[in-house]
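Here TrEMBL flags 10, 11, 31, 32, 38, 74, 75, 76, 77, 78, 91, 146, 171, 179 as NADP(+) binding site. Taken from TrEMBL, the feature active site, proton acceptor covers 142, 179. Here TrEMBL flags 170, 181, 188, 202, 203, 204, 205, 216, 283 as substrate binding site.
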């Protein structure tokens, strides 16, 4: 049995769908649906049980979760704009620690979501070497919550034999529609193009970056879940550790938006607007995953190009009546 926290969310639901396609229907989905549209991500997914995240450790499901063979912990508050640190400490840090202890005690393989937000402004680079992790200085509370987990895991003596912490870079793709302002630029660009035929991008407020040339490591969600499933293979236990999960190639927002216009067969029309002052001091102008370590663990893995990923997302999901995976 496979337990997926955040299983109704963006990455978790795409993971569940892919596991179904591989023949796994023995899934337990852990999440908080509340009044969001996340429930739509669960349509078409076959699973054994849905458990509200607050009830996982309440005792009612002890017999069920005792049968767990693998845990994908994707559940967290992923809003980089979240300011309530008490909430993040409870939801992102303490919850992960409780689930980790459960997995470690029973030696259940455990794969959890970290984030590239831990790298802050990138001054120290983007190496996932364990010796670098305590030196990182995240720029926002969300990044700090993920940093606390990574540091805690490395110091924790009791570990499962097979575990991975994955620093996700800029993930885009289907099933992100409930994320509001945290949706990818592909999704937002599609909405803007459909509405008025143009896309608004932030101007650069640094002289070394032209408008629209801010760089990110964009990775398609289907690549993310394929990599996670490969790392969950028992043969990968020897590679356990914290890894970057990005495409390893920085591309500009301009490239991303041009790819979206192209996928929609609409001429590119971009307007540059001032970046809000509230986010200027915590804005990352460049991210690129160092994937050297990752490629040693999954050497045959092939990433989807930005243009192919955007085309698949736009044409096979965003432009369809049902955009869900």
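The backbone N, Cα and C atoms fix where each Cβ goes, and this holds for glycine too.
Nobody curates TrEMBL annotations by hand; they come from automatic prediction.
In terms of C-alpha distance, the listed recorded positions 38, 77, 91, 179 place 179 closest to residue 203 (substrate binding site). Fewest Cβ neighbours within 10 Å among the recorded positions 10, 142, 283: that distinction goes to 283. The separation of residue 283 (substrate binding site) from residue 75 (NADP(+) binding site), Cα to Cα, is 24 Å. In the three-state DSSP scheme, residue 170 (substrate binding site) is classed as strand. Distance between Cα atoms for residue 142 (active site, proton acceptor) and residue 91 (NADP(+) binding site): 11 Å, as a whole number. Fewest Cβ neighbours within 10 Å among the binding-site residues 77, 171: this applies to 77.
Of the candidate binding-site residues, 170, 188, 205, 283, the one lying closest to residue 91 (NADP(+) binding site) when CA atoms are compared is 170.
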